[in-house]
């Protein structure tokens with residue numbers, strides 16, 4: 001004969017983690033699930049190790065989550081996606097804080113750019129260069145891009161400036177770190193740089209009402225010859241484009257020069273992203289396409305400030321967007337490189 005159960009002597013265990021729930025009935029356990037499920041999240045984060053995002057070696061502190069919806073959402077799980085290459089996103093840490101005494105752009109509080117104040121361009125590009133150089137000095141196998149972001153953040157606020165990407169349209173970090181097949185806008189996360197990687201660091205700082213924007217691609221350890229060719233050719237594309245900048249030149253000519261050199265080097269030019277005007281606004285007119293036969297309007301005039309930032313791929317020019325809504329990767333999973341300068345058009349024939 002079956003006997004009745006004594007509720008005071010039984011304990012329900014979780015079928016997922018096997019841990020006792022310290023509750024006496026299944027109904028009680030269900031009612032407390034919202035509290036108990038936090039155990040699963042902490043266990044997942046603490047078990048993440050090296051190799052893949054799900055095995056990355058993180059501690060169990062809160063904040064290490066995957067970025068979604070262009071920075072407006074987080075998830076403890078790697079989102080499903082048809083990945084084009086071997087790179088995967090890793091969890092990201094919490095948004096870094098900026099001291100109250102630093103002048104901030106209007107999106108710092110709510111993530112939405114509006115109108116920015118007037119000022120001059122003095123010092124801003126010099127600060128951006130100092131910040132980028134500080135980040136470059138720590139690049140090595142084994143460092144995470146989140147740690148690089150911390151260096152960028154601290155160097156920026158130490159100079160009395162604001163890291164422009166932080167909370168811009170909800171971007172969660174202070175710089176962009178784009179590894180291997182990432183074309184641009186990679187989010188710094190917990191992945192460690194590996195020997196043979198290439199990584200682009202894109203820095204923009206906001207100082208006294210204006211922005212300065214530049215980026216460079218770096219070698220991590222011993223890099224193969226194909227990657228060296230890609231990075232060197234990309235830098236040459238930027239140099240050749242800068243060489244034609246002077247008053248009266250049409251903006252569309254920049255793309256012709258870049259595309260010609262990239263094609264001769266056996267590479268392709270990304271068409272989805274372009275250079276842009278900059279200064280009191282982070283992004284504004286003119287648009288500066290880097291590919292040939294583009295439809296850019298206007299000619300260069302004294303007083304204009306803009307960026308040239310060619311993105312060059314080892315394979316096809318087409319791109320895909322990761323589920324985080326920011327990270328653009330090559331459609332075929334092959335590597336991409338980029339270099340960027342901010343230019344001030346002077347009355348003389350040489351840009352500054």
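Just so you know, the numbers here start at 1 and follow the chain as drawn.
Backbone N, Cα and C define each Cβ position, glycine as well.
Caution: TrEMBL annotation is automatic and unverified by curators.
Here's what TrEMBL has on this protein:
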type	residues	note
BINDING	185, 283	substrate binding site
BINDING	202, 213, 340	divalent metal cation 1 binding site
BINDING	213, 276, 309, 340	divalent metal cation 2 binding site
DOMAIN	121-345	domain 'Peptidase M24'
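This view paints the features noted in TrEMBL onto the structure.
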residue: 185; record: substrate binding site; Cβ contacts under 8 Å, 6 or more apart: 171, 176, 178, 202, 326, 327, 328
residue: 213; record: divalent metal cation 1 binding site; Cβ contacts under 8 Å, 6 or more apart: 128, 164, 202, 203, 204, 278, 282, 307, 340, 342
residue: 276; record: divalent metal cation 2 binding site; Cβ contacts under 8 Å, 6 or more apart: 283, 284, 285, 286, 287, 288, 306, 307
residue: 309; record: divalent metal cation 2 binding site; Cβ contacts under 8 Å, 6 or more apart: 215, 238, 274, 275, 288, 290, 338, 339, 340, 341
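Excluding the listed site residues 202, 213, 340, the same chain places 176, 203, 204, 214, 215, 307, 309, 342 with Cβ atoms within 8 Å of the centre of the divalent metal cation 1 site Cβ atoms. For residue 283 (substrate binding site), other Cβ atoms within 10 Å of its Cβ number 16. Report note: the divalent metal cation 2 site is defined by 213, 276, 309, 340, and the residues of the same chain whose CB lies within 8 Å of the CB centroid of those residues, excluding them, are 202, 214, 215, 275, 278, 307, 308, 341, 342. Taken together, the residues of the domain 'Peptidase M24' (121-345) have an average pLDDT of 96.
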